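First comes the structure, then the notes that go with it.
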Amino acid sequence: MFIEKLTTPQRLTLSFALVVVVGSILLSLPIMHQSGVQTVYLDHLFTTVSMVCVTGLTVLTVGDVYNTYGQIICIILMQIGGLGLITMLSASALYLKKKLTLKEQYTLQASFSNEHNLELKPLLKSIYLFTFSLEAIAAFILTFIFVPRYGWFKGIFNSVFIAVSAFCNAGFDNLGSISLQGEVTNVVLNLTIASLIIAGGVGFIVWFEVTNIVKEYFKSSTKVFRIAFKKLSTHARLVLLSTGILLTLGTFLTWLTEYGNTNTLAKYSLPQQLLISFFQTVSMRTAGFSTLDYTLTRPITNLLYIIQMVIGGAPGGTAGGFKITTAAILVLLFKAELNGQKEIQFRRRTIRNEVIKQTIVVLTFFFTAFMLGWALLLTTQTHLDPFSLLFEVASALATVGVTMNLTSELDTFGRIIIMCLMFIGRVGPATILLSIMSKPKRNIHYANADIYIG
């Protein structure tokens with residue numbers, strides 16, 4: 001069978017491409033549209049790619065173009081994009097008590113970066129329970145905001161739509177052209193969405209570990225919090241620590257660069273400024289929800305946002321970017337070089353050389369795609385501002401979805417470039433490359449050679 005001959009990267013790439021094709025056809029059907037809407041297929045294809053790749057860039061306003069049926073398809077596309085088609089199909093197979101082949105198990109492990117070889121059935125159960133529980137709780141909280149405004153049906157529906165979008169880091173809403181910019185100081189909405197974004201961006205493997213440790217903590221007779229969390233893996237510790245540092249630093253830097261800007265933060269109180277800064281920092285990690293107009297923020301702030309976007313979230317979750325662990329390994333590598341250490345260490349653990357090589361490869365692939373995408377846009381979209389194009393490329397490749405009001409101004413070729421960047425960003429540059437490469441060659445060790453660097 002054709003599928004059986006595919007490598008794991010090819011299967012992962014094909015699964016996302018398949019969902020994009022089916023989803024774009026469904027969204028282009030007139031039955032999915034509001035009355036009187038005139039669109040072309042490319043617009044729906046762009047929207048589908050953005051949803052499946054959990055980005056948020058769009059040339060259409062979801063709430064104005066799609067009716068309830070269309071928006072239900074949008075929810076399904078975002079959920080599949082967040083969890084992955086492979087994960088959902090495998091969960092269905094296990095639920096129906098069908099045994100997965102070894103190749104299917106390996107593909108599933110790769111789909112959410114499970115290199116610890118955790119048992120698949122408990123892991124899948126934990127992922128789904130965690131995902132749908134958080135989305136349900138968040139949707140319930142949001143109903144207190146939207147039901148009084150839109151009535152029971154639309155209020156509940158909007159709450160579910162935004163909850164799914166936030167957890168999957170998709171960045172879409174169905175509130176119309178105003179989006180969330182009218183909710184800039186709404187504490188409940190901002191913190192609820194921010195919590196979902198963080199939860200989705202940290203990664204399923206980390207939450208699986210944390211959940212198990214919390215269970216053991218409450219079962220333990222000693223109940224010593226510090227001892228319980230010593231059982232966290234090095235990966236989980238690195239992700240949680242790096243996430244905390246980036247969120248704190250990003251919030252402070254956003255506030256520092258914007259607190260005097262009368263177009264953004266200056267008109268709000270200090271607590272409101274910190275809330276807005278925190279939400280923007282969380283969203284820039286990969287979600288794409290915006291409560292500010294980025295054409296009004298200062299250039300230095302947007303440059304900081306680009307850096308945050310390309311870093312992204314953790315592997316094995318719904319986040320994009322070259323991943324927070326890659327950035328952390330890079331920092332540890334610099335630290336080791338400055339201290340004259342031969343090995344990279346973190347919390348009394350040595351990082352394997354294979355991980356360091358993967359870090360360099362991921363960064364190389366990511367920034368090659370980044371610069372190539374920007375160069376193509378600079379060549380074809382000469383009527384648009386270069387820095388705004390850079391912001392758009394970072395947003396697309398890192399699957400964030402924020403824009404300096406540029407997406408709708410791109411011509412057909414520009415939109416195709418952005419679609420390719422979103423797809424590469426979601427599937428992963430390395431996965432894309434491996435899916436088109438031939439079989440790996442044998443490892444042959446030759447004599448060592450010295451090369452001078454710097």
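From the backbone N, Cα and C atoms, a Cβ is placed for every residue, glycine too.
Of the listed segments 44-66, 274-296, TrEMBL assigns transmembrane segment to 44-66. The transmembrane segment (192-214) makes no contact with the transmembrane segment (355-377), as judged by fewer than three Cβ pairs under 8 Å among residues 6 or more apart in sequence.
As a quick check, the transmembrane segment (44-66) and the transmembrane segment (127-148) miss the bar of 3 or more Cβ pairs under 8 A, pairs 6 or more apart, so the two do not touch. Segment contact holds for the transmembrane segment (303-334) and the transmembrane segment (155-172), given three or more CB pairs below 8 angstroms at sequence separation of 6 or more.
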